[in-house]
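According to TrEMBL:
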- 11-147: domain 'EamA' (DOMAIN)
- 12-30: transmembrane segment (TRANSMEM)
- 46-64: transmembrane segment (TRANSMEM)
- 76-95: transmembrane segment (TRANSMEM)
- 107-124: transmembrane segment (TRANSMEM)
- 131-148: transmembrane segment (TRANSMEM)
- 182-202: transmembrane segment (TRANSMEM)
- 214-235: transmembrane segment (TRANSMEM)
- 277-295: transmembrane segment (TRANSMEM)
Amino acid sequence: MSSSSSAGDSRGVLYTVGAFICWGLFPLYWKPLHEVPALQILCHRIVWSALFVALVLTALRQWGDLRAALRQPRQLGIFALSSTVLSLNWLIYIWAVNAGHVVEASLGYFINPLVNVLLGRLVLSERLSRPQKLAVGLAAAGVAWLTFSAGALPWIALSLAATFGLYGLLRKMAPLPSLPGLALETFLMSPLALAALLWFEWNGQGAFGHADALRNGLLIGAGVVTAVPLLMFAAGARRLKLATVGLIQYIGPSIQLALGVMLYGEPFGADRALGFALIWSALALYSAVGARELWRGRRRQPA
């Protein structure tokens, strides 16, 4: 492997790890806003994200990709769907964190890679290898056990995994660079989000400007904390193999799980641990396949 390739890999790992650390720490950002309704937080996140990415697009002169997408009705339709799914994912996550379900939210992102595999099979007719089939089966057993032991379906985890998996599938159908893609999605969502914020304000339910400086600052900063990890991930992912990114992605939910149990004191008894263990076994199998493919790819590269 050449020194330039090695340096690119190192930067890619740093950027990607940094992105997943940021995502893992998200509960620390949303928790101080727990007195603000989740829907209002979502609307602020959309509006301030749109403003921030517009500034970044201008600074980086990347409006061309966005203008090209606006001239393609099919892409616009797909992005309208992806923005709706992304909004739902954000809303569920913010609500879950502030309602004391950080552990279950982390579960959603642990099982997301396996949901992606399942969606690939169901929607794109991709063939599953035997290890992948076994991994999906183990994850399903883990979810079934969690449902049985708790007496309720872990709907937060399943909803987060399903919406994020569907979002990834839609983005795959209408490829657009990360920043212009986020810009288009937030621009499409912004009119409704802004109208909702005005409605909240008109009815005396608005949070912004009626709270302390910290809360107002966190609502404004939601745009930055949304876009920055995404930019880091985009910069890192294009320097790395997909299998490497797949191994790094568990940093985020691992941090969330640790925060939920150790900082916020959410329950993690034996029944829940067994369900997670089955899912972690599935992920270990899934990751082992990815690591083997990565190792084979590295061995084929010339020195």
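Glycine is treated like the rest: Cβ placed from N, Cα and C.
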Which residues, given as numbers and ranges, are at least 6 beyond the ends of the transmembrane segment (182-202) yet have a Cβ under 8 Å from it? 39-40, 42-44, 46-47, 49-50, 53-54, 57, 66, 69-70, 79-80, 82-84, 86-87, 176, 208, 226-227, 230
In the same chain, which residue numbers or ranges, 6 or more beyond the ends of the transmembrane segment (12-30), come under 8 angstroms Cβ to Cβ? 41, 93-94, 97-98, 102, 105, 218, 221-222, 225, 228-230, 232-233, 235-240, 244-245, 248-249, 251-256, 259-260, 264
Taking residues 6+ outside the transmembrane segment (46-64), which of them lie with a CB under 8 Å of any CB in it? 87, 177, 179-180, 182-183, 186-187, 189-190, 193-194, 197, 219-224, 226-227, 231
Within the domain 'EamA' (11-147), residues counted as helix, strand or coil by DSSP: 119 helix, 0 strand, 18 coil
